[in-house]
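Student: Below is the structure I would like to discuss, written out as structure tokens.
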């Protein structure tokens, strides 16, 4: 059988299932692939439950995570869908951003209603910037009483509102993943309804190329007779020859310069785009004026900061993390983009210590400024060894 070519004609959106253990996240993922396979067999292979449940391990920012990737298409879109087998895997995935989500399907069992992990996942979604949620009220075939279904729906809406999601407007679709997976036509139709809601309520993400230019500096060279070249991978946006850029971070002051050349694989280009590994020739900049860890950006789009709040996951001993807890005034290195900066940790009110395997909020003060914005991810390291991962939730100073 010939391999299907990936069609770039449809918009691509990344989504995932979140919610409490045993509420049916993986069953729902399998059922979506089945129902879409039945509706559009030429577009969609069916991915069985056990294939998703045996999720392969991946590494993101030094942390091992089990994560299953499934793809499927609706009439309108191409989706990449992530599902994690274990609760800890969800937390690690959401904090490290191993698999970015443009939106999530929150799975809540109609027989249980929202449970502790439901709340934890919604809180994490809020903190790590999963912008949109659609609710699948699963196991609805097990509840005969309409009033109970309405109560559970109300509870879920209130929970979402309490974490600043638009609880009143979020689509809540009653489904039975198991029945749909077993081939029940009516419940299959409910899953198509769920996917129509996902199509309509999770907007297309802004592509990296449309965002303002940013490139983390990995290396600095001098080219005799031409000047200083910085190299790195363009994270977002486009940089053109003769454009003005700023060099931000590490040093107290921001420097402005002009890009006089863009090179890739020793060829001169007119521009560098998101995803390209390029060298940028900078006008009037000395080798010692720039260093790894700074970023080159479109002027006035990002600022340097030293104090921030973050949500972090601390590796346990088996994951190669610490063997002992840490306390306030812990001073590890924070690895942002391409470099380590030492920082001092303040723990939230009432938290005495953080154990390996915990996830927590914290405030950090860095000894050098970093070009920073909410949503920026980092690793926590001790002597080059990753002991945690996190994401900036609020810039303070």
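Note that Cβ sites are derived from N, Cα and C of the backbone, with glycine treated the same way.
Marked as domain 'tr-type G' by Swiss-Prot: 10-206. Taken from Swiss-Prot, the feature region 'G1' applies to 19-26, supported by similarity to another entry. The GTP binding site annotation in Swiss-Prot covers 19-26, 83-87, 138-141 and rests on sequence analysis. Annotation comment: Swiss-Prot describes 62-66 as region 'G2', evidence class similarity to another entry. Sequence annotations record features per position, and here Swiss-Prot assigns region 'G4' to 138-141 based on similarity to another entry.
Tell me about the setting of these features in this model.
Tutor: If one looks beyond the region 'G1' (19-26) by at least 6 residues along the same chain, the residues whose Cβ comes under 8 Å of a Cβ in the stretch are 49, 52-53, 68, 83, 85, 87, 106-109, 112, 114-118, 121, 138-139, 177-178.
Residue density at residue 19 (GTP binding site): 26 other Cβ atoms are found within 10 A of its Cβ, drawing on all protein chains shown.
Looking at the region 'G2' (62-66) alone, the prediction's average pLDDT is 82.
If you look at the region 'G4' (138-141), the same-chain residues 6 or more away from its ends with a CB under 8 A from one of its CBs are 23-24, 27-28, 107-111, 149, 174-179, 187, 190.
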Student: I need the least crowded one of these binding-site residues (84, 140), counting other C-beta atoms within 10 angstroms of each C-beta.
Tutor: 140
Student: Taking 25, 87 as the binding-site residues to compare, which has the smallest set of other Cβ atoms within 10 Å?
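Tutor: Comparing Cβ neighbour counts within 10 Å for the binding-site residues 25, 87 gives 87.
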Student: Taking 10 A as the limit, how many CB atoms besides its own sit near the CB of residue 22 (GTP binding site)?
Tutor: 13
